[in-house]
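Asker: Here's a structure for you.
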Number of protein chains: 4
Amino acid sequence: MCGVFGVFNNKSAAELTFLGLHALQHRGQESAGIAVSDGYDINIRLGSGLVTQAIKEEDIKELKGDIAIGHVRYSTSGGSNPKNIQPFFAHFYGGQFAIAHNGNLVNAERLKRELEMEGAIFRSTSDTEVFVHLIAKSRQPAPPHINLHKNDEDFLPHVFEAMKKVKGAYSLVILREKQLIAVRDPHGFRPLVLGKNRSGSYFVASETCALDIVDAEYLRDINPGEVIVIDDAGIRSYYPFEHTENPKKCIFEFVYFARPDSKIFKDWVYSVRKEFGRRLAKEYPIDADCVIPVLDSGLLAALGYSEESGIPFEIGLIRNHYVGRSFIQPSQEIRDLSVRLKLNPVRDVIEGKRIIVIDDSIVRGTTSRKIVNMLRRAGAKEVHMLISSPPVVSPCYYGIDTPTKEELLASSMSIEEIRKFIGADTLGYLSLEGMLEAADKTKGYCTACFTGHYPVLDELFEEIQIP
Amino acid sequence: MCGVFGVFNNKSAAELTFLGLHALQHRGQESAGIAVSDGYDINIRLGSGLVTQAIKEEDIKELKGDIAIGHVRYSTSGGSNPKNIQPFFAHFYGGQFAIAHNGNLVNAERLKRELEMEGAIFRSTSDTEVFVHLIAKSRQPAPPHINLHKNDEDFLPHVFEAMKKVKGAYSLVILREKQLIAVRDPHGFRPLVLGKNRSGSYFVASETCALDIVDAEYLRDINPGEVIVIDDAGIRSYYPFEHTENPKKCIFEFVYFARPDSKIFKDWVYSVRKEFGRRLAKEYPIDADCVIPVLDSGLLAALGYSEESGIPFEIGLIRNHYVGRSFIQPSQEIRDLSVRLKLNPVRDVIEGKRIIVIDDSIVRGTTSRKIVNMLRRAGAKEVHMLISSPPVVSPCYYGIDTPTKEELLASSMSIEEIRKFIGADTLGYLSLEGMLEAADKTKGYCTACFTGHYPVLDELFEEIQIP
Amino acid sequence: MCGVFGVFNNKSAAELTFLGLHALQHRGQESAGIAVSDGYDINIRLGSGLVTQAIKEEDIKELKGDIAIGHVRYSTSGGSNPKNIQPFFAHFYGGQFAIAHNGNLVNAERLKRELEMEGAIFRSTSDTEVFVHLIAKSRQPAPPHINLHKNDEDFLPHVFEAMKKVKGAYSLVILREKQLIAVRDPHGFRPLVLGKNRSGSYFVASETCALDIVDAEYLRDINPGEVIVIDDAGIRSYYPFEHTENPKKCIFEFVYFARPDSKIFKDWVYSVRKEFGRRLAKEYPIDADCVIPVLDSGLLAALGYSEESGIPFEIGLIRNHYVGRSFIQPSQEIRDLSVRLKLNPVRDVIEGKRIIVIDDSIVRGTTSRKIVNMLRRAGAKEVHMLISSPPVVSPCYYGIDTPTKEELLASSMSIEEIRKFIGADTLGYLSLEGMLEAADKTKGYCTACFTGHYPVLDELFEEIQIP
Amino acid sequence: MCGVFGVFNNKSAAELTFLGLHALQHRGQESAGIAVSDGYDINIRLGSGLVTQAIKEEDIKELKGDIAIGHVRYSTSGGSNPKNIQPFFAHFYGGQFAIAHNGNLVNAERLKRELEMEGAIFRSTSDTEVFVHLIAKSRQPAPPHINLHKNDEDFLPHVFEAMKKVKGAYSLVILREKQLIAVRDPHGFRPLVLGKNRSGSYFVASETCALDIVDAEYLRDINPGEVIVIDDAGIRSYYPFEHTENPKKCIFEFVYFARPDSKIFKDWVYSVRKEFGRRLAKEYPIDADCVIPVLDSGLLAALGYSEESGIPFEIGLIRNHYVGRSFIQPSQEIRDLSVRLKLNPVRDVIEGKRIIVIDDSIVRGTTSRKIVNMLRRAGAKEVHMLISSPPVVSPCYYGIDTPTKEELLASSMSIEEIRKFIGADTLGYLSLEGMLEAADKTKGYCTACFTGHYPVLDELFEEIQIP
Ligand SMILES: Nc1ncnc2c1ncn2[C@@H]1O[C@H](COP(=O)(O)OP(=O)(O)O)[C@@H](O)[C@H]1O
Ligand SMILES: Nc1ncnc2c1ncn2[C@@H]1O[C@H](COP(=O)(O)OP(=O)(O)O)[C@@H](O)[C@H]1O
Ligand SMILES: Nc1ncnc2c1ncn2[C@@H]1O[C@H](COP(=O)(O)OP(=O)(O)O)[C@@H](O)[C@H]1O
Ligand SMILES: Nc1ncnc2c1ncn2[C@@H]1O[C@H](COP(=O)(O)OP(=O)(O)O)[C@@H](O)[C@H]1O
Ligand code: SF4
Ligand code: SF4
Ligand code: SF4
Ligand code: SF4
Ligand SMILES: [Mg+2]
Ligand SMILES: [Mg+2]
Ligand SMILES: [Mg+2]
Ligand SMILES: [Mg+2]
């Protein structure tokens with residue numbers, strides 16, 4: 001997962017992008033970058049780690065210009081690879097541009113091979129570069145149903161053609177010398193919103209919380225399949241695909257990824273999460289003394305469960321705010337204490353009580369196991385674990401860095417086996433139906449990681465071998 | 001405010017102290033330090049900033065030994081002064097020791113002057129050094145009622161004499177070549193607890209949450225006026241004062257400072273804070289749609305208010321986890337956005353609603369004002385602000401870095417004036433009586449910052465000019 | 001200017017490259033990078049600043065593999081641009097490779113435009129990427145006169161074709177999954193040497209001093225127009241050009257750039273520089289009390305002058321070793337002292353004396369002016385400045401970052417005017433003939449910056465507008 | 001060894017001290033610190049490493065005031081101990097002061113014990129703190145022969161009394177709220193000079209090269225036993241000792257420590273070093289092809305040898321400028337290459353030649369051995385090593401961090417044995433007489449490390465057990 005941000009027409013473009021990325025920090029902590037155009041040239045600064053580590057005050061000062069884009073990158077298994085830090089810069093025959101990408105292409109490898117056969121070189125191992133090449137290669141005119149503004153004639157047809165070639169999830173921001181462009185894939189896997197502030201600057205962001213931090217108003221979602229161009233001539237919208245796809249919004253954004261104060265896919269994450277909790281309460285009416293969240297991801301479902309069931313909500317596990325990446329490598333003897341660095345039980349709440357503990361999902365199960373154990377050692381009489389989503393049985397191919405199928409506990413264990421593994425008295429997962437209804441299923445969601453049915457992948461099953 | 005930690009008899013003494021300080025990080029972010037004894041020599045590493053910034057992995061490796069103490073220091077107005085970073089090391093005729101201090105002495109200046117007249121030099125501007133000198137100077141034998149273990153004959157009389165001379169608040173840990181000593185002032189202003197782990201290591205800490213992180217059991221509080229010595233001959237307790245003082249535990253520890261998962265003064269912070277909220281609900285029954293906390297300090301009072309009143313509890317303001325010290329200096333244009341870096345309203349919760357917002361205290365009032373304003377801009381119909389303690393009218397002289405009387409809003413404004421200033425529809429403070437009852441007033445509390453009646457200061461009013 | 005290094009068949013490939021770059025640090029201080037292949041994948045670490053700043057110990061540990069290349073980059077006017085840090089990584093249809101480049105292409109812009117017209121994208125603003133694209137695009141077979149080893153059939157024809165297309169200066173190292181390739185342009189502008197150590201590892205480096213630091217023997221120069229391939233099948237040499245070009249070795253390498261302990265172009269820099277000094281003595285027999293160098297570049301010419309003339313050699317200006325990049329930005333009042341940070345006169349040597357001071361070249365003249373002034377303030381009776389090369393009148397287009405013609409003092413001022421500007425009693429430049437003879441002119445040198453006659457540029461005068 | 005610097009009456013006091021310390025960097029690289037007074041308060045910033053690492057630009061900005069002192073500290077065996085970084089700050093009954101010290105007291109341990117018996121605490125393990133205590137303790141009036149200016153009545157008698165109590169080497173700068181004081185011990189072991197700039201600021205520094213960098217004129221040496229006070233009332237000189245001691249200037253300052261562009265003990269280091277070389281030439285007339293220095297310490301002696309003997313001077317070993325502290329920890333396989341990081345032979349100069357190589361001294365002999373070996377591998381036919389001082393047979397107790405007697409090669413080996421150990425064809429040391437005459441022996445020098453006769457120590461032989 002990643003976060004993208006863009007701003008048009010603001011003297012402090014780099015600084016606002018810095019703030020926006022800060023608000024999107026939860027979408028990626030591996031690296032961060034900002035690209036700015038002064039109308040003629042595009043300049044980039046990027047680095048590893050959190051936004052405040054990757055980009056320094058002097059970087060911001062050097063990034064002069066009124067248009068900017070930014071990116072935060074999610075921590076992936078392979079560690080921090082400097083080749084892949086975004087935004088990517090490109091110079092092609094049509095000029096310069098920079099691009100930042102949230103999502104994952106399912107036909108990237110095939111396109112890469114094709115492009116390489118035509119002489120393309122790839123300087124990263126990231127999908128995003130496929131886009132860059134497709135844009136630069138393209139020679140097709142715009143589709144006939146599209147009426148292009150004259151400012152868009154030179155570049156946009158390239159973007160359209162690239163969009164036709166790639167399959168998968170992408171919410172993009174593109175920076176040109178004098179334009180900001182935002183693109184969302186036709187299934188609309190990843191969120192992307194448009195905003196405007198009182199002095200007339202435009203903003204594009206993965207989530208509305210990034211609009212809030214720059215004091216901009218949410219205007220609307222960028223729609224699945226839509227391309228938005230912003231320049232001195234105003235703001236224009238294009239739909240390069242003639243046929244609409246079924247929307248396949250990532251329901252996991254509601255379950256886990258997005259921030260609770262964001263509105264994504266036209267709904268408030270906050271309400272949807274609470275509704276997950278309410279439905280959990282209906283599906284699993286348990287006799288207990290209190291409901292506690294695994295902070296932060298279980299917070300709102302626990303609140304919803306409490307409201308629906310009447311069982312008191314308590315903060316039974318405190319989350320330490322200061323846990324960071326740069327923590328000392330604990331010695332062998334001390335390693336076992338490492339869970340405690342992040343979460344600590346409030347014995348006062350736990351001791352002698354029957355506890356319902358709620359988290360958003362179980363992936364490998366090791367953290368859940370430690371939590372159950374920690375609660376028991378703090379004196380819990382019973383520990384009932386509820387999960388505000390169905391079992392994760394399959395990896396995501398659309399931009400969320402889930403582990404392989406083998407590592408997913410639920411791909412090989414029954415719920416009862418998982419319950420035993422983590423040591424809980426009860427283990428309950430929200431039903432698929434319950435989850436979809438909470439999120440308003442008419443809107444069209446991807447649920448592949450819960451079901452194994454991949455919306456885009458199925459059509460291309462030669463691409464990826466689903467294990 | 002500050003936090004102290006000590007460990008005796010553990011191969012990983014420095015590493016455990018690092019963890020303990022990490023759990024006490026909320027008690028001080030300005031600087032941190034660790035002193036370790038290998039039985040012969042005391043070694044120190046310290047630095048500015050958070051524990052992870054001040055102390056590096058290689059520092060930990062260099063700090064070899066089985067006994068250690070540590071300190072986190074609170075951010076004071078004067079900025080980070082390297083002279084004052086603790087623990088302090090001292091070599092005197094009786095050998096080496098290191099000391100770390102939580103609290104504030106009210107007669108420090110007078111003692112300093114006296115000591116200086118006798119030739120003492122002070123290398124810091126901190127109270128703690130007064131202690132160090134008093135210990136080194138002392139020539140008095142132990143008080144007659146005290147029966148000293150032979151290991152304690154050389155050093156402890158110094159500590160006793162020092163304790164007799166100083167007035168004020170102090171919870172100390174002292175590291176000697178082969179001993180760990182813990183000291184709490186006779187009024188017991190600041191908390192200090194004793195713990196032990198399964199392999200027989202002893203721990204001393206400001207709060208129990210620091211015992212949790214090292215997987216130690218809470219044994220008991222170190223009592224007001226008590227001195228505890230731990231060495232190879234075991235653990236011994238002394239009470240150097242013949243007459244007991246009235247305990248004057250700092251009630252503000254419950255209101256704000258201590259972590260909710262800690263037990264201090266033999267009570268759980270969590271429960272006391274919730275009880276503050278319940279009493280607020282009784283004192284201020286308001287008709288509203290929801291109760292929201294100002295995170296984190298208002299969290300539990302808001303929960304208590306909700307439970308007592310039946311008004312739903314919501315997380316109406318999200319707190320960004322990644323706000324740190326090293327944030328870029330915002331340019332003039334951007335400065336106004338800076339509240340948003342820390343807190344963001346959840347519009348979904350706020351819009352069109354009558355909101356009760358709860359915080360622990362109001363100091364200068366600027367943050368409260370911004371919060372009310374932010375809630376109104378997010379669409380709140382009514383904003384009722386409740387505070388889980390009485391108005392702060394006077395500075396603290398016992399170790400909490402409150403601003404001067406002039407800067408304390410409540411020292412010069414009536415509650416109605418404050419209400420207008422912050423722009424709330426209602427402003428209510430918990431009554432002194434309500435606060436004390438919630439915390440069990442029979443235990444003996446200092447409430448000077450709420451009342452202006454200073455327990456120790458009164459006897460010494462020549463010392464400090466109360467404005 | 002830049003430095004390149006390569007190693008084949010060594011367990012500590014990354015570490016040795018680190019050392020090699022360290023020895024080449026004088027060729028570039030802006031940034032540094034290392035790429036390593038473990039036989040299957042290529043991994044890169046890079047950063048800004050000196051080698052020790054750009055590459056950390058943990059980077060070295062992560063760079064596992066037996067083949068490596070490295071690069072140090074010269075500080076250019078535009079400041080440190082992260083896009084341009086080398087080595088560059090590329091994935092194309094033939095696999096992965098990484099490339100590091102010393103030199104400058106004169107037809108880069110035209111090739112870039114052509115490549116872009118065919119859909120290429122450029123992710124940096126550096127010439128080197130042109131090479132990368134040409135390699136990836138190429139479809140030509142090897143030239144008929146070349147007999148390819150079977151290991152070289154897939155990749156080397158690409159390199160040959162790229163070499164045919166580019167014009168200008170390039171000494172390259174290319175890292176493939178299982179090969180190390182070294183390439184030198186047909187004019188041989190930049191040095192490139194081959195070495196081997198006692199355990200059979202091969203090395204390629206810009207200068208022999210980098211062989212010394214890894215304890216490798218110098219085998220021979222890589223010849224102008226030569227391509228060398230090293231892999232498990234051994235070491236092979238190819239000459240893709242059928243007709244030999246006149247060698248155009250950069251004489252400025254002898255004048256300034258190369259380290260005095262290096263052998264380049266088959267000659268020792270040390271001896272050539274001393275000979276420059278001896279010839280200066282013949283051309284400018286001055287009656288003086290001592291000869292002093294402007295350290296370090298004037299050192300050996302001063303020694304040669306002294307030997308030839310019999311005038312004593314002294315170190316009249318001490319050079320501070322600790323001047324680095326991270327120096328504080330001096331305040332306005334202090335700025336004038338900044339020359340002193342680098343050089344300080346030895347009054348003992350200077351006072352009351354007639355001084356000959358020798359430097360390698362004068363570019364903008366500001367430093368020379370300050371030096372003359374500093375010597376006079378230290379009491380010099382006469383200051384005679386001699387320069388061990390002719391006046392620099394034209395910019396370099398082959399990889400040395402000289403300023404524009406306008407900024408070159410000698411492009412618009414007569415020698416007498418320069419003498420007045422810097423305030424010297426005498427100013428003498430080594431004659432072109434003298435310089436060439438000292439370096440053995442039969443070897444074929446570029447002298448364009450001294451004469452304005454550009455060897456490669458002339459044939460392509462449509463490419464660059466010579467001002 | 002260490003370096004001290006002081007400035008009085010300059011708006012940029014901290015910045016100039018930063019520059020001054022920079023020029024004194026060769027006297028200590030372990031840590032650095034600056035103390036500044038704004039007339040009322042003294043503020044300190046300090047840290048580990050080089051001046052540019054220890055003190056940051058923002059530190060300089062925070063250090064406001066017109067009077068400042070600074071210190072660079074020499075690397076001692078025990079590694080960097082934060083307790084001991086200077087300047088030291090002290091608050092005593094007479095106010096605040098800060099102190100920085102170059103030297104070593106021989107009776108520090110005894111004084112420490114005495115002071116501790118009277119209740120003093122030591123917060124460092126450094127001698128300097130003894131001074132601080134003695135100043136603060138003192139109650140004696142000034143000696144009768146001294147006529148004190150009224151500004152000096154309160155503080156200076158303390159300094160005088162302290163000076164009477166300590167034995168050993170000290171050149172001190174003391175910063176008070178409104179005064180700068182400079183002190184030199186009665187034997188004058190360490191240099192200390194006074195300077196003034198054109199705008200009337202005064203400066204004190206260990207060496208004149210630090211005056212040069214701030215563009216100040218050398219006025220005179222501070223004399224052995226002299227105390228100089230500078231404040232708004234002007235500059236005053238005192239001699240607290242009635243009887244003059246024999247000067248015992250450290251001859252090793254000329255041999256090795258001071259910078260060649262400095263004037264110390266009223267003589268130019270440059271000339272004295274060259275004279276060492278000339279005398280070496282007379283004492284060891286060797287038939288050789290060239291003379292080369294071990295840079296930098298052997299530079300001027302080699303030049304002097306060459307001048308006297310007529311044998312050509314060459315730079316046969318290049319010294320890498322970029323070797324710093326933060327170098328990667330070389331792996332086992334690579335460790336042997338580490339000499340090469342610092343020095344590299346110029347094969348051109350060495351091959352087939354009979355070489356005289358000159359260094360200032362031999363301590364443990366390991367470096368000399370590696371150098372001889374390196375020269376032989378570079379093809380030297382003969383290697384004659386000459387040393388510009390006599391064999392070091394005894395440790396220094398006056399502030400130079402020599403190893404213990406056991407580690408000193410010459411304390412247990414004959415010259416012939418050392419010659420064999422390092423592998424040279426000849427090994428010659430400058431005679432004691434030769435060294436003293438070169439430095440003008442009438443001035444009074446300490447030569448204890450060469451002779452074992454300790455000037456101050458002998459009187460106090462109970463203090464230190466000379467091995
Ligand atoms: N400031 C915040 N306050 C509350 N929730 C947040 C905040 N930032 C991110 N979140 C939510 O926190 C969850 C991720 O945090 P958490 O569960 O603590 O991390 P993890 O489980 O990955 O360690 C997500 O659901 C995200 O929506
Ligand atoms: N990890 C934690 N979780 C919840 N509360 C915490 C945590 N750490 C500290 N606290 C509490 O948070 C409060 C301080 O945080 P907060 O109100 O956010 O800071 P401030 O108001 O000083 O900016 C204190 O009441 C403290 O007890
Ligand atoms: N370690 C070294 N010792 C002596 N000369 C060196 C060394 N490293 C580089 N050089 C030479 O120093 C010169 C560059 O240094 P210098 O003149 O001091 O720098 P600049 O003039 O660019 O400030 C070059 O001629 C280079 O060959
Ligand atoms: N900038 C400089 N130029 C020449 N000599 C210097 C300089 N700075 C210090 N020195 C001298 O260099 C010597 C120390 O350097 P060097 O011999 O290289 O170090 P070491 O032998 O301790 O490794 C001393 O004699 C000192 O006087
Ligand atoms: S597979 Fe899961 S995580 Fe991935 S897009 Fe679909 S719902 Fe979201
Ligand atoms: S004055 Fe207030 S903050 Fe200080 S100790 Fe008393 S109750 Fe606590
Ligand atoms: S123009 Fe000058 S610097 Fe450039 S390659 Fe030719 S000789 Fe060298
Ligand atoms: S013993 Fe040697 S180094 Fe020490 S002061 Fe005397 S001459 Fe100098
Ligand atoms: Mg979670
Ligand atoms: Mg708060
Ligand atoms: Mg130079
Ligand atoms: Mg040396």
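Backbone N, Cα and C define each Cβ position, glycine as well.
The feature active site, nucleophile is assigned by TrEMBL to D:C2. The [4Fe-4S] cluster binding site annotation in TrEMBL covers D:C250, D:C396, D:C446, D:C449. Per TrEMBL, Mg(2+) binding site is recorded for D:S297, D:D359, D:D360. Annotation comment: TrEMBL describes D:2-233 as domain 'Glutamine amidotransferase type-2'.
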Asker: Using Cβ-Cβ distances, find the residues under 8 Å from the residue listed as 'active site, nucleophile' that belong to the same chain and are at least 6 apart in sequence, listing them in sequence order.
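Answerer: Set apart from the residue listed as 'active site, nucleophile' by at least 6 residues yet with Cβ under 8 Å, we have D:R27, D:G28, D:H71, D:V72, D:R73, D:Y74, D:Q86, D:A100, D:H101, D:N102, D:G103, D:S206, D:G399.
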Asker: Run through the Cβ atoms and count how many others sit within 10 Å of the one on D:C250 ([4Fe-4S] cluster binding site).
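Answerer: Here the count is 28.
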Asker: Using a 10 Å cut-off, grab the number of neighbouring Cβ atoms around the Cβ of D:D360 (Mg(2+) binding site), all chains included.
Answerer: 23
Asker: Near D:C449 ([4Fe-4S] cluster binding site), how many other Cβ atoms are within 10 Å of its Cβ?
Answerer: 25
Asker: Running a distance check here. Ligand 9 versus the recorded positions D:C2, D:C250, D:D360: which have CB less than 6 Å from one of its atoms?
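Answerer: Correct list: empty, so none.
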Asker: When the Cβ positions of the recorded positions D:C2, D:C250, D:D360 are compared with the atoms of ligand 8, which fall under 6 Å?
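Answerer: Only D:C250 qualify.
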Asker: From the centroid of the CB atoms of D:S297, D:D359, D:D360, the recorded Mg(2+) site, which same-chain residues not already listed sit within 8 A by their CB, in sequence order?
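Answerer: Those within range, site residues removed, are D:V255, D:Y256, D:P293, D:V294, D:G298, D:A301, D:I358, D:S361, D:I387, D:S388.
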Asker: May I ask you to pick out the recorded positions among D:C2, D:C250, D:D359, D:D360, D:C449 with a CB closer than 8 angstroms to chain C's CB atoms, ordered by sequence, or 'none' if no residue qualifies?
Answerer: none
Asker: Cα-Cα separation of D:C446 ([4Fe-4S] cluster binding site) and D:D359 (Mg(2+) binding site), in Å?
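Answerer: Rounded to a whole number, the Cα-Cα distance is 21 Å.
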Asker: Please name which of the binding-site residues listed here, D:S297, D:D359, D:D360, is nearest in space to D:C449 ([4Fe-4S] cluster binding site), Cα against Cα.
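Answerer: For D:C449 ([4Fe-4S] cluster binding site), the closest Cα among D:S297, D:D359, D:D360 is found at D:D360.
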Asker: Around the Cβ of D:D359 (Mg(2+) binding site), how many other Cβ atoms lie within 10 Å? Please give the count over every shown protein chain.
Answerer: 22
Asker: If you average per-residue pLDDT over the domain 'Glutamine amidotransferase type-2' (D:2-233), what number do you get?
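Answerer: Mean pLDDT, the domain 'Glutamine amidotransferase type-2' (D:2-233): 93.
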Asker: An 8 Å radius from the center of the D:C250, D:C396, D:C446, D:C449 Cβ atoms defines the neighbourhood of the [4Fe-4S] cluster site; name the other residues of that chain inside it, in order.
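Answerer: Neighbours found: D:F189, D:I251, D:F252, D:Y397, D:Y398, D:I400, D:T447, D:A448.
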Asker: Taking the binding-site residues one at a time (D:C396, D:C446), which has its Cβ surrounded by the most other Cβ atoms within 10 Å?
Answerer: D:C446
Asker: Enumerate same-chain residues with a sequence separation of six or more from D:S297 (Mg(2+) binding site) and a Cβ-Cβ distance below 8 A; give 'none' if the list is empty.
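Answerer: Listed in sequence order, they are D:Y256, D:D359, D:D360, D:S361.
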Asker: For ligand 12, pick out the recorded positions D:C2, D:S297, D:C396, D:C449 that have a CB under 6 angstroms away from one of its atoms.
Answerer: D:S297
Asker: So which binding-site residues out of D:D360, D:C396, D:C446 are up against ligand 5, CB under 6 A?
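Answerer: Near ligand 5: none of them.
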